[in-house]
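**Q** Let me give you the structure first, and then I'll get to my questions.
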Amino acid sequence: MGKLRKAKRINLWDTLVHDGLVSKQANNRENYLSLKNRFDKGLKLCRDTSLFRSFQTAIAPCATQLKRIRCIGLGTPSSENRPLYQLCLLKHLAGGLGIEDVSVWDPHLNALERRFLRQDLRYRVEQVYSSEGFVDEVLWFMPFVPFTSIEWVIEFEQPMFILANNLLSSNVELAEEILTEKYPFCRYIKRYLGGGPKMSEPTPYRCHFSKVKMAATREGIGEGTDEEGEGTDEESDGGSDGESEGGSNQSAPSAPWKDSVSDLKFMKLTN
């Protein structure tokens, strides 16, 4: 498995897709301070909101296990608001969980952003990453990455903890045969959490998990959202022990982060 993982790892980066253009800002003091100022303002604005606190609450039961964060598909925070607030969430989670070992990669990061991540946030910016030997200590943070990337990480990195876009509410509608052929792990998670005849069918080949637990977060801001509070565990149809903390996590149109983090869900893959 080790050789296969190393051979396939590099292929992931070609699959990452982001909205907007890559920033062409010069890596100078003025632009660096501008990015730092935008980030500091964003972090201060959102760190005390119910949405950002709810992520901390969802992950809290696993906090003692988590010692590392690997973030892929961040985007370009110097030129887009969505990646900026996703970076704010990453900083918020790492600080709240007491995690200092944070690794980030996105092929679109420019020199200015890499400098900021390394110099100001003290994160490692690295393309190649292996979680072998400590898979149960890593939180994989994958904001708005495509099915292809999530599938790749699940198959070759075999994560236990994932914070990524909600597969159940994905806007990508794929035929069952395409899901089965190209994204068997994502398909299994969708069927497991979505109810139906999931437990009667085998797990995908080389699957390292058989159960999926997903904690929903609550924004508590804007129309149509739930107030923050204790969630209730609900058994999904089909007799599985898939768990959800109730309510949907809709985007608040008035919030500056809009949909940048509102559709993220925390999942734990277990046997």
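Every residue gets a Cβ built from N, Cα and C, even glycine.
Any TrEMBL annotation is an automated prediction that lacks curation.
Reproduced below are the annotations present in TrEMBL:
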COMPBIAS  224-244  compositional bias 'Acidic residues'
COMPBIAS  260-271  compositional bias 'Basic and acidic residues'
DOMAIN    63-247  domain 'SRR1-like'
REGION    219-271  region 'Disordered'
**Q** How many helix, strand and coil residues does the compositional bias 'Basic and acidic residues' (260-271) contain under DSSP?
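**A** With helix first, then strand, then coil, the compositional bias 'Basic and acidic residues' (260-271) has 0 helix, 7 strand, 5 coil.
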**Q** In this predicted model, what is the average pLDDT of the domain 'SRR1-like' (63-247)?
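**A** Here the mean pLDDT over the domain 'SRR1-like' (63-247) amounts to 77.
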